[in-house]
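Residues annotated as domain 'Acyl-CoA dehydrogenase/oxidase N-terminal' in TrEMBL: 6-116. Annotation source TrEMBL lists domain 'Acyl-CoA oxidase/dehydrogenase middle' at 123-194. Marked as domain 'Acyl-CoA dehydrogenase/oxidase C-terminal' by TrEMBL: 229-351.
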Amino acid sequence: MRFSFTQEQDDLRHFVRDFLSTHAGQGQRQRISRDGYVFDPGLWRQLAEQLGLTGLTIDEEHGGSGAGTLEAAIVLEEMGREMYAGPYLSTFLGTHLLGLAPKEVQAELLPDVSSGSRILTVALREEQGSWEAPGTSTRAEATASGGWVLSGEKRFVTDVATATTLLVRARTVDGPAWFAVDQDTDGVEARAAEGLDLAREIGHLSLTRAPGRMVIAPADADAAHQHLLDSASVALAAELVGLAGACLDQSVAWSKDRDQFGRPIGSFQAVKHHCANTLVELETARMLARYAAFALGAGTPDASAAASMAKQAAADAAYQASGSNIQIHGGIGFTWEHHAHLYLRRAKADAALFEDAAAHRARVADLLHI
């Protein structure tokens with residue numbers, strides 16, 4: 001399949017790229033290398049109010065633009081290029097999850113997401129679980145007043161301390177369900193940890209009889225879980241493709257400018273091979289990622305398989321591109337002052353989020369009955 005973007009989609013790409021290169025480019029990467037992750041609420045407000053990105057895939061009746069998954073993938077690819085440090089991925093996943101919630105829940109939560117005043121994240125995995133089988137120790141108990149209280153521990157929660165609303169999977173007497181828990185409520189303890197990716201907040205969540213509202217009932221919880229895994233795979237694939245593209249561009253630019261033995265290093269066959277191999281993997285991953293975004297948005301029967309294929313291919317391409325970028329930059333590429341290590345860190349961290357490449361290959365084999 002050959003993708004051809006519409007004029008509106010191309011305009012979106014260029015608009016987002018120009019904005020991020022100006023407001024979240026080299027200066028942001030230098031701050032991350034020096035200080036680590038720091039959430040910039042002013043930049044988040046600009047993304048929400050000036051660009052409308054926080055409500056991109058939310059229906060117009062809830063204050064959004066009503067765009068599709070393919071448009072979101074375009075944005076995420078550009079964010080991957082610039083190593084954007086903020087909760088867009090988490091909020092996108094939360095928004096997709098709430099797309100399966102009842103209308104009254106959407107009407108309550110999504111308008112604030114569109115405006116940027118509500119930041120979402122999903123709390124799925126537990127210490128003894130995996131992304132596919134997240135564990136069942138977190139429990140939700142019904143109260144006499146008709147509400148719910150949640151108790152348990154969640155691990156590897158992105159933007160755990162930045163999000164204002166946490167969407168938590170918990171066990172009830174009728175099976176697993178999804179609950180919305182406000183960050184500032186009693187019984188919630190969010191602890192950011194030092195992760196491999198310096199540009200993304202990740203950590204652990206502890207709940208001790210924390211009040212929550214059921215947003216997805218047990219009858220729909222498993223379907224919501226699978227939809228979340230597919231959405232995460234598509235989103236991360238787009239981000240990783242953008243990252244790989246940026247690394248390749250940086251490698252090519254450096255190989256043209258850097259002279260060694262009286263000639264540009266890009267004229268040496270070994271450097272050419274690095275760039276050529278990266279380009280092959282990148283273009284394969286890009287096509288898979290774009291088709292996966294289309295398939296998820298259209299609800300095609302092969303959407304789950306396409307999402308997993310895209311995630312593993314993009315993870316491989318990003319690792320190849322970021323590693324080669326360091327090698328091509330030579331000694332300077334190995335320094336903490338240079339930003340090349342930030343891309344390698346994110347490539348490795350994203351590859352592990354919502355299952356690694358090996359798990360996705362196994363999932364594809366299972367879905368295709370191989």
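A Cβ is built for glycine as well, from the same backbone N, Cα and C atoms used for every other residue.
Helix first, then strand, then coil: DSSP counts for the domain 'Acyl-CoA dehydrogenase/oxidase N-terminal' (6-116) stand at 77 helix, 0 strand, 34 coil. The DSSP breakdown of the domain 'Acyl-CoA oxidase/dehydrogenase middle' (123-194), given as helix, strand and coil counts, is 0 helix, 38 strand, 34 coil. Confidence over the domain 'Acyl-CoA dehydrogenase/oxidase N-terminal' (6-116), given as mean pLDDT on the 0 to 100 scale, stands at 94.
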